[in-house]
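Asks: Following this message is one structure expressed as structure tokens.
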Amino acid sequence: MIIKPKIRGFICTTAHPVGCEANILEQINYTKEHPPIENGPKRVLVIGSSSGYGMPSRIAATFGAGAATLGVFFEKPGSDTKTGTAGFYNAVAFDKLATEAGFYAKSINGDAFSNEVKQQTIDTIKADLGQVDLVVYSIASPVRKLPETGELVRSTLKPIGKPYSATAVDTNKDEIISVDVEPAVDQEIQDTITVMGGQDWELWIKALNDAGVLADGCKSIAYSYIGTEITWPIYWHGTIGKAKEDLDRAAAAIDALLKGTGGEAHVAVLKSVVTQASSAIPVMPLYIAIVYKVMKEKGLHEGTMEHVFRLFSQQLYKADGALCDTDDMNRIRMDDWELQEEVQSACKALWNQVTTQNLRDITDYDGYKEEFLKLFGFGLDDVDYDADANPNPPQQFIEV
Ligand SMILES: NC(=O)c1ccc[n+]([C@@H]2O[C@H](COP(=O)([O-])OP(=O)(O)OC[C@H]3O[C@@H](n4cnc5c(N)ncnc54)[C@H](O)[C@@H]3O)[C@@H](O)[C@H]2O)c1
């Protein structure tokens with residue numbers, strides 16, 4: 001099949017398996033070029049491991065610390081007429097490259113919110129690894145099927161209390177627009193907490209702990225975002241922010257549980273990056289185009305792989321074995337570079353000046369668009385997009 005990008009709204013409905021493999025290889029090579037992560041984990045479970053921040057977590061564990069990894073994700077395979085999702089191809093590539101390099105890498109494709117996927121994960125750990133010493137929770141989902149009732153709950157990305165009006169970019173027309181978002185009603189706030197809050201992370205840790213598959217000293221992290229004044233109305237002070245506050249609550253409960261066996265749990269607050277999840281959030285694409293411009297100019301830019309590698313090597317598994325640095329909520333603040341005063345004041349200045357005419361000059365909008373396409377395996381120099389590509393490459397995922 002000849003595969004080209006097809007963009008609909010804020011997603012690309014096609015993905016390129018060869019391009020996705022090239023992306024994974026690039027991330028693996030980045031990791032291999034760095035000194036190994038001393039004291040790193042050896043058996044790792046990554047929940048939400050097929051893209052965004054989850055995949056580099058798996059790569060840092062494997063190629064940085066030499067860990068055996070089990071990945072969980074929810075992705076669609078390709079068929080003769082349709083391509084699979086980018087996450088599917090990323091995971092195919094990771095399993096292949098990790099296995100070829102001699103590492104244990106198994107993947108479970110199914111709904112992480114379900115009891116069945118949790119049980120399959122436990123069975124696989126028991127059969128192959130015995131226990132795990134790190135659990136990474138990196139799910140981003142607009143919907144959660146509740147395991148007990150089967151009810152489908154949807155999250156929303158809305159402000160709370162009052163309508164929100166802001167400058168944004170229409171990424172299909174490459175135009176600066178104004179977006180107006182009505183505030184959430186109470187049910188929408190509750191539902192967003194149900195989908196993206198900490199309950200499922202807690203259910204995972206409880207299930208894994210009850211099954212005896214968490215090693216003594218096991219750590220767990222879940223990823224969060226706080227951001228800045230520019231994005232607060234739609235993010236930290238909005239429905240998704242309430243869900244992330246609930247993640248902080250869950251982190252404290254999980255930390256208390258894991259401390260009993262010498263372990264720990266943290267929320268890691270990460271920087272804004274181009275992922276499928278962030279491109280769905282109003283205002284984020286423009287903010288990212290601006291902050292990338294500023295951080296690239298200041299030599300502070302990191303992509304997902306660089307950022308997660310710094311988290312693993314300089315915080316979670318420090319060379320001297322010291323505990324990670326945390327804020328007063330016990331969170332690991334990897335967003336420290338992005339939140340520097342000089343970065344944020346430069347962002348605010350650009351935010352107030354941006355127009356359709358100067359979008360490409362004063363922001364890194366071209367970089368944003370390139371990275372967006374790259375998420376789906378497109379726009380890479382060394383991939384022949386006119387060549388036939390197999391939309392269903394061989395894989396051995398455990399399907400649940
Ligand atoms: N993108 C950012 O700028 C950013 C910044 C800070 C924190 N984060 C956080 O990082 C985490 C991951 O987000 P991302 O941006 O990497 O998202 P992403 O869309 O790139 O990846 C989401 C992952 O979740 C998996 N997933 C979704 N629903 C699932 C389900 N029902 N069962 C199993 N797997 C499922 C997907 O398969 C994929 O592996 C989120 O908690 C997000 O808030 C993101």
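Using N, Cα and C of the backbone, Cβ positions are placed for all residues, glycine too.
Caution: TrEMBL annotation is automatic and unverified by curators.
According to TrEMBL, the record shows the following:
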- 48-53, 74-75, 111-112, 139-140, LYS244, 273-275: NAD(+) binding site (BINDING)
- GLU75: site 'Plays an important role in discriminating NADH against NADPH' (SITE)
- TYR225: substrate binding site (BINDING)
- TYR235: active site, proton donor (ACT_SITE)
- 326-388: domain 'Enoyl reductase FAD binding' (DOMAIN)
Asks: Would you list, in sequence order, the recorded positions among GLU75, TYR225, TYR235 whose CA lies within 10 Å of the CA of ASP111 (NAD(+) binding site)?
Replies: GLU75
Asks: Quick one: Cα separation, PHE74 (NAD(+) binding site) versus TYR225 (substrate binding site), in Å?
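Replies: With distance taken Cα to Cα, TYR225 (substrate binding site) is 22 Å from PHE74 (NAD(+) binding site).
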Asks: Is any of SER50, GLY52, PHE74, ASP111, LYS244, VAL274 (binding-site residues) within Cβ reach of ligand 1, i.e. under 6 A, and which?
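Replies: SER50, GLY52, PHE74, ASP111, by Cβ distance under 6 Å.
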Asks: For SER50 (NAD(+) binding site), identify the closest of the recorded positions GLU75, TYR225, TYR235, judging by Cα separation.
Replies: GLU75
Asks: Give the number of CB atoms, excluding that of TYR235 (active site, proton donor) itself, located within 10 Å of its CB.
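Replies: Summing over all protein chains shown, TYR235 (active site, proton donor) has 25 other Cβ atoms within 10 Å.
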Asks: Run through the Cβ atoms and count how many others sit within 10 Å of the one on the residue listed as 'substrate binding site'.
Replies: 21
Asks: Between the residue listed as 'substrate binding site' and VAL274 (NAD(+) binding site), find the distance joining the two CA atoms and give it rounded to the nearest Å.
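Replies: Given the Cα positions, the residue listed as 'substrate binding site' is 13 Å from VAL274 (NAD(+) binding site).
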Asks: Between LYS244 (NAD(+) binding site) and TYR235 (active site, proton donor), what is the CA-CA distance rounded to a whole number of Å?
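Replies: Counting only the Cα atoms, the answer is 9 Å.
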Asks: Please classify the secondary structure at LYS244 (NAD(+) binding site) using three-state DSSP.
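Replies: Reduced to three states, the DSSP call for LYS244 (NAD(+) binding site) is helix.
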Asks: Which of the binding-site residues GLY48, GLY52, ILE139, VAL274 has its Cα closest in space to the Cα of GLU75 (site 'Plays an important role in discriminating NADH against NADPH')?
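Replies: Its closest listed neighbour, by Cα, is GLY48.
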